[in-house]
Every structure is written in structure tokens, then in C-alpha cells.
Amino acid sequence: DCLGWFKGCDPDNDKCCEGYKCNRRDKWCKYKLW
């Protein structure tokens, strides 16, 4: 199961959904804009 918008995540084990990226500072899944 992947993590969606603003779900807590681990930047070293990024389980965010397609199109999202774990934000290292906030430890949340956010839209990947790049």
C-alpha cells in the first residue's frame, strides 16, 4: 500500500504513491513537482 498526500513517511524508505515524493524536512508525501 502506498502513501498519499500528506501522509507521514520515511525519506530513506520512500513508500509514497506514484507522483508523490517523501519530503525530507517535513517527513510527508508531497506532490513531486520536478
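Here the Cβ of each residue, glycine as well, is placed from N, Cα and C on the backbone.
Taken from Swiss-Prot as is:
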- CYS2-CYS17: disulfide bond (DISULFID)
- CYS9-CYS22: disulfide bond (DISULFID)
- CYS16-CYS29: disulfide bond (DISULFID)
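Structural mapping of features recorded in Swiss-Prot.
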residue	record	Cβ within 10 Å
CYS2	disulfide bond	12
CYS9	disulfide bond	22
CYS16	disulfide bond	22
CYS17	disulfide bond	13
CYS22	disulfide bond	21
CYS29	disulfide bond	23
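In terms of Cα spacing, the disulfide-bonded residues CYS16, CYS17, CYS29 that come within 10 Å of CYS9 (disulfide bond) are CYS16, CYS29.
On a Cα basis, CYS22 (disulfide bond) lies 11 Å away from CYS2 (disulfide bond). Here the Cα atom of CYS17 (disulfide bond) is found 8 Å from that of CYS29 (disulfide bond).
According to DSSP, CYS9 (disulfide bond) sits in a coil region rather than a helix or strand.
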